[in-house]
Amino acid sequence: MNKFLIIDGLNLVRRIYAAIPDETDMQSLTERVSSACTKLLRVHRPSHVAIVWDGDEISWRKQLYPDYKKGRKPMPEPLAQGLVALQDHLTAMHIGSIYAAAEADDVIATLAIKTAKAQGEAIIVSTDKGFSQLNHRHISQWDHFNQQYLDIAALEQKLGVERSQFLDLMALAGDSGNKIPGIAGIGPKSAAELLKTFRSLPTLFSSLSNLGAKQAKKLAEGKEMARLSYKLAQLQTDLPLNINLKDFRVIDSQPEKTINQD
């Protein structure tokens, strides 16, 4: 069975970069990222590995909702200037890069789902909790900085909802980190309580008469914003990748076919 290690490039690199005392020291960054990748390969022993990078195009989410990720700090200039050299160094280490047109998240999600559907195992290396929506027994998420897999049970307890309700929670309460709006006046706690009672968005919105007038009014007025927020939070898993697995092979394995759109 193929085991594909899928690294969220900027999630890893920017966290490492933030810990470097001298932000212009690209040599130190390269050494630390190389060491991290070497450790990832040693710990997980994958058959395939790829590091996925964000692109420069405006994402479809930003086009749909211009305030999406508004206020995010731009990439520090030294890192922006040194990124290509770092990527070349990783290529020399036989860690192939995949370049997304815009956001890496959708490419990572697509690659993970396609790997799992092909009876392989996908390990996503990222601290981004958004990947927890990929509810498949052959997909796991590894936090390199804490050296542990994402604890879904702990996340469910923290959020107050089941994994299958993650997107419904984002639709109602939004996500301040990504500037996903949710419904005005509905916070994470009240959203979790609503989902505990009604289980899903369709059931909730068809049961507004069972709620108090004030809360029902908020939900009714915010229904379209909830739909928008759901769409913004949902990862795309059906992008055309057109990659050949042999380009990302770490160890000897059987010849692989091209991963394409189903």
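Placed from the backbone N, Cα and C atoms, the Cβ positions cover glycine too.
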Annotated region 'Interaction with DNA' segment (source Swiss-Prot; candidates 71-76, 185-190): 185-190
Site with most surrounding Cβ atoms, counting all protein chains shown within 10 Å, from the binding-site residues Ala173, Ile183, Ile186: Ala173
Per-region confidence, the region 'Interaction with DNA' (185-190) (mean pLDDT, whole number): 97
Under 8 Å by Cβ from Pro181 (K(+) binding site), counting only residues of that chain that are 6 or more apart: Tyr65, Asp67, Gly174, Met225, Leu228, Ser229
Other residues, Cβ within 8 Å of Leu172, Ala173, Pro181, Ile183, Ile186 Cβ centroid (K(+) site): Ala171, Gly174, Gly182, Ala184, Gly185, Gly187, Ala191, Gly222, Met225, Ala226, Ser229
